[in-house]
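According to TrEMBL, the protein has these features:
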- 37-314: domain 'Deacetylase sirtuin-type' (DOMAIN)
- 62-82, 143-146, 260-262, 286-288, 304: NAD(+) binding site (BINDING)
- 161: active site, proton acceptor (ACT_SITE)
- 169, 172, 220, 223: Zn(2+) binding site (BINDING)
Ligand SMILES: [Zn+2]
């Protein structure tokens with residue numbers, strides 16, 4: 001299944017026009033959330049008991065929490081990016097080594113940005129933010145780069161793989177806002193137009209090579225170096241200090257809840273191993289099997305946004 005972004009960009013008298021068609025994907029959550037059985041009241045009670053007993057809860061979230069906000073994940077059966085397309089995420093090495101690949105990447109990212117940046121938190125993000133405010137949540141780590149936890153107000157948060165809303169210079173490390181870069185793209189490419197089809201969990205979209213050959217990519221305003229989203233691409237590793245920081249938060253916790261992750265990627269899975277070493281009780285909320293189902297005392301195959309708001313965090 002392919003999804004149209006419904007976005008076209010045309011220059012009209014030197015001005016940019018954004019034409020958002022009726023095909024916007026926000027309404028079609030069914031496109032990205034795998035089917036799940038109806039909520040089991042007994043399972044809800046079990047999760048309630050798990051949360052009530054926890055005084056220092058550590059939560060780890062993955063792409064499955066954001067599918068209900070209209071962002072596809074990679075691995076879900078039938079509806080994930082891997083199942084729907086033959087496209088795969090960009091590799092870190094390719095991005096840093098090739099100016100051409102950076103040009104292709106940024107052209108697609110430029111087209112996808114207006115929609116990707118407009119996604120809003122769903123009830124699962126709001127529930128976790130509320131748990132933090134009420135003192136239930138010790139720490140939240142997310143594998144997502146969509147900023148939806150921040151938009152929901154979460155502060156005790158580590159974005160393990162960074163955030164698409166920030167841009168990093170590969171040479172001097174200068175951090176800037178992605179929104180500012182969008183304006184620079186528009187100024188540099190007044191006559192460029194493209195139509196995008198399909199969007200990935202990191203905001204990447206699909207364009208042909210012909211569409212991107214003329215796209216102009218700005219460089220760092222401070223040093224002229226190449227720019228990269230402040231995210232960990234596939235093939236790159238998470239900063240060691242950040243990993244150590246999260247390990248400490250896991251060790252301080254008394255229980256661990258996974259929300260919307262199949263735990264296939266080691267960068268998140270390693271915290272499950274730490275929790276197991278500490279013999280922390282582990283609960284997993286994810287539609288479909290995960291790498292750690294055998295380590296969990298509780299497994300729920302439900303929609304995050306339907307289940308979490310039912311839980312009383314007191
Ligand atoms: Zn720089």
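Cβ coordinates come from backbone N, Cα and C, glycine included.
Curation does not apply to TrEMBL; its annotations are automatic.
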Check your understanding: With respect to ligand 1, which members of the recorded positions 161, 169, 172, 220, 223, 286 satisfy a Cβ distance under 6 angstroms to one of its atoms?
Key -> 169, 172, 220, 223
Revision key, fill the gap. In the three-state DSSP scheme, residue 172 (Zn(2+) binding site) belongs to coil
Check your understanding: Which of these recorded positions is closest to residue 66 (NAD(+) binding site) if you go by CA atoms: 161, 172, 220, 223?
Key -> 161
Exercise for review: Can you figure out which of 161, 169, 172, 220, 223 (the recorded positions) comes closest in space to residue 146 (NAD(+) binding site), comparing Cα atoms?
Suggested key: 161
Review point. When you average the Cβ positions of 169, 172, 220, 223 for the Zn(2+) site, which other residues in that chain have a Cβ within 8 Å of that mean position?
Key: 170, 171, 173, 174, 219, 221, 222, 224, 225
Study note, to complete from the structure: Sparsest Cβ environment (other Cβ within 10 Å) among binding-site residues 62, 70 belongs to 70
Study note, to complete from the structure: Expressed in Å to no decimal places, the gap between the Cα atoms of residue 220 (Zn(2+) binding site) and residue 62 (NAD(+) binding site) is 31
